[in-house]
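Chemist: Got these off Swiss-Prot a minute ago, pasting:
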type	residues	note
BINDING	Gly14, Pro15, Thr16, Ala17, Ser18, Gly19, Lys20, Ser21	ATP binding site
BINDING	Thr16, Ala17, Ser18, Gly19, Lys20, Ser21	substrate binding site
REGION	39-42	region 'Interaction with substrate tRNA'
REGION	163-167	region 'Interaction with substrate tRNA'
SITE	Thr105	site 'Interaction with substrate tRNA'
SITE	Arg127	site 'Interaction with substrate tRNA'
Amino acid sequence: MSEDAVKNAILIAGPTASGKSALAIRMAKATGGFIVNTDSMQVYGVLDLLTARPSRANLAEAEHFLYGHVPPSSTYSTGKWFEDVEALLGRCELQGRVPIFVGGTGLYFRALLGGLSQTPEVSAQVRDHWRGRMEAEGAKALHAVLCVRDPAIAAALQPSDSQRIVRALEVLESTGKSLLEWQKVKGRALVDDQSAQKIVLRPDRAWLGERIARRFSAMWAEGAIDEVRALLALDLDPALPAMKAIGVREVSAFLAETMSREEAIERSVIATRQYAKRQSTWFRNQLGEDWRVYASGEEVFQGGSFRDPQ
């Protein structure tokens, strides 16, 4: 645990559409704190609606940081987010205030608490080289390369696991060290684990599924089509994270007149429900027992469960 880790932080995790943002705003008002984005898709600009970023009205209710600050033409790693959070927490005007981390990206929460190894960034040149080879040769061929260059980590990976195979090769070429060696290095915590209030929302599955459907229909009505049109106008690489946001492919198909409005909405809703299920499973299996589980944000404030850190 780092000696300068921030004490009395509030962490709010949970699947998409579970009510995290509303809870964070309520807590910010109660504590005088500020909200920090802990979601890997909400960092990207342009897609305000499809990534469910806080609305302008929400932003006016409390200070929000690290939302939409990354251009969609860029990639953004957990390590870069960690650096941005560290810089944010060091700002003079935020000292003594409660940071409220809210989002659905489990690795971000793990990094905050020091549970993620600090693997190095790799250059764009190295990254493009190995990703280009993966696209051209396939996962099985690159797994064979990894077996020769780093047999220990190759033995731990499935030959079909393209993402992890590429990552292992990138790190090996960039640093000369196996990813396994980097993973042994304990991460540095930005948030004090013992004093933090750790909350995970786990709403009723049927309720969440219905809310996801209503929310995507609202996104469509409020301008999701225009967002995707603006994104497509940038002519970006389809492999970029922003281009893989749920709804982009479906709305793009609608704009290309290869999919009806109804089918685009239905497929987006299904994809979002599947994503929420994966998030819930990750939080259930990966978060420690000291994370308190609630069905809703309202439940957090009932019965004196919420503790004002101030």
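Every residue gets a Cβ built from N, Cα and C, even glycine.
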Chemist: Determine the Cβ neighbour count for Ser21 (ATP binding site): the number of other Cβ atoms within 10 Å of its Cβ.
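Modeler: Result for Ser21 (ATP binding site): 24 neighbouring Cβ atoms inside 10 Å.
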Chemist: Would you mind giving the whole-number mean pLDDT across the region 'Interaction with substrate tRNA' (163-167)?
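Modeler: The answer is 92, the mean pLDDT of the model over that range.
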Chemist: Per DSSP, what is the helix/strand/coil residue tally across the region 'Interaction with substrate tRNA' (163-167)?
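Modeler: Helix, strand and coil residues of the region 'Interaction with substrate tRNA' (163-167) number 5 helix, 0 strand, 0 coil.
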Chemist: Where Ser21 (ATP binding site) and Thr105 (site 'Interaction with substrate tRNA') are concerned, what is their Cα separation in Å, rounded?
Modeler: 14
Chemist: Using C-alpha atoms only, work out the spacing between Lys20 (ATP binding site) and Arg127 (site 'Interaction with substrate tRNA') and round it to an integer in Å.
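Modeler: On Cα coordinates alone, these residues lie 34 Å apart.
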Chemist: As a quick check of your reading of DSSP, tell me how many residues in the region 'Interaction with substrate tRNA' (39-42) are helical, how many are strand and how many are coil.
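Modeler: Taking each residue of the region 'Interaction with substrate tRNA' (39-42) in turn, the totals are 0 helix, 0 strand, 4 coil.
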Chemist: Please report how many Å separate the Cα atom of Pro15 (ATP binding site) from that of Arg127 (site 'Interaction with substrate tRNA'), as a whole number.
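Modeler: The separation of the Cα atoms works out to 30 Å.
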Chemist: Measuring CA to CA, name the entry from the binding-site residues Gly14, Ser18, Gly19 that ends up nearest Thr105 (site 'Interaction with substrate tRNA').
Modeler: Gly14
